[in-house]
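Notes to accompany the following structure.
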Amino acid sequence: MTKTKHFLDLNKFSTQELRTILSYGSKLKSGEISGRPLEGKSLAMIFEKPSTRTRVSFEVGISQLGGSAVLLDPSSSQMGHGESIADTARVLSRFVDAIMIRTTSEEILHELSQYATVPVINGLTDESHPCQLMADVMTYEEHRGSIAGKTVTWCGDGNNVATSWIHAATRFGFELKLATPPELAPSQVALDWAKSEGGNISVTHSIDEGARGSDCIVADTWVSMGDKDAANRHNLLKPYQVDERVMGLAKDDALFMHCLPAHREEEVVSAVIDGPQSVVFDEAENRLHAQKGILYWCMSNL
Ligand code: CP
Ligand code: NVA
């Protein structure tokens, strides 16, 4: 029996596997892989948190590949009324060819993948956002060539997206500097994993130290979905705002990236996110192309 091809986290893949999946995305984007390779296939999409990009890019992506999507909103499905994750996984596996889930905890994602007999894709949890990083690496490389050996600086909360940057840096071979307040440090589990795999990751509390000489400055919201202490986070994160001065510390050709949604004049000033170094809308578009690569990898009989 072949192993079910889940897409749960970047650290579960080898560099070569991630490069293969990314190349499918690029080839689907360029037309080198064409046609409707997922004709007749169905994708269930479960959203326990809000979404614009993830929802639209998966729905449009599967349809461009010849398949279709079914949306499950926990409040209007039995998931939100007591049916277990295990039973939901077993039932959905009888109807669809893959399941994408955006959920709170890694435990729910892993339980779903344990009981599903079709591929499960992580569309964001409180702990990680691997699909985003596939799009981000694709975007960086379209603009500047291979990301291997470059330096990327994360500014702000050591959150779910930061963890996926740690995984990506380790697998794609770039240096990652995380400039975070001590109170909102990145996941120690992710840092320990990166260390054990030889990743070049450092944590600083100084945004200047982090940004100096960097090839890419990255920001994310100060208050992620589900975070409750907004006022405290604003206080802690104010010194980590990306403005023109911070961009000026990076290399002249540094890019600015942000997974969106953005909050102008909070984590980033308008002059930067709307400025010439920003590639945030290419990043958003590449959610579609990178995820088509993921869908193609896990749903076609490769
Ligand atoms: N970047 C991202 O995942 O956006 P959504 O929350 O809109 O899906
Ligand atoms: N860190 C953010 C990312 C949104 C795409 C959140 O989890 O809300």
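Any Cβ shown, glycine's included, is placed from N, Cα and C.
Note that the structure is a prediction, hence the values are computed from the model and not measured.
Site annotation (TrEMBL): carbamoyl phosphate is bound by Ser51, Thr52, Arg53, Thr54, Gln78, His129, Pro130, Cys131, Gln132, Cys259, Leu260, Arg287, and the candidate from Arg19, Arg102, Arg171, Arg233 recorded at this site is Arg102. Together with Asp220, Ser224, Met225, TrEMBL lists one candidate of Asn160, Asn200, Asn286 for binding L-ornithine, that being Asn160. Using a 10 Å Cβ-Cβ cutoff, Cys131 (carbamoyl phosphate binding site) registers 26 neighbours. Counting neighbouring Cβ atoms within 10 Å of each of the binding-site residues (Gln78, Asn160), the lowest count belongs to Gln78. Around His129 (carbamoyl phosphate binding site), the C-beta neighbours below 8 angstroms that are at least 6 residues distant in the chain are Asn122, Asn160, Val161, Thr163, Ser164, Cys259. Following the DSSP three-state reduction, the secondary structure of Cys131 (carbamoyl phosphate binding site) is helix.
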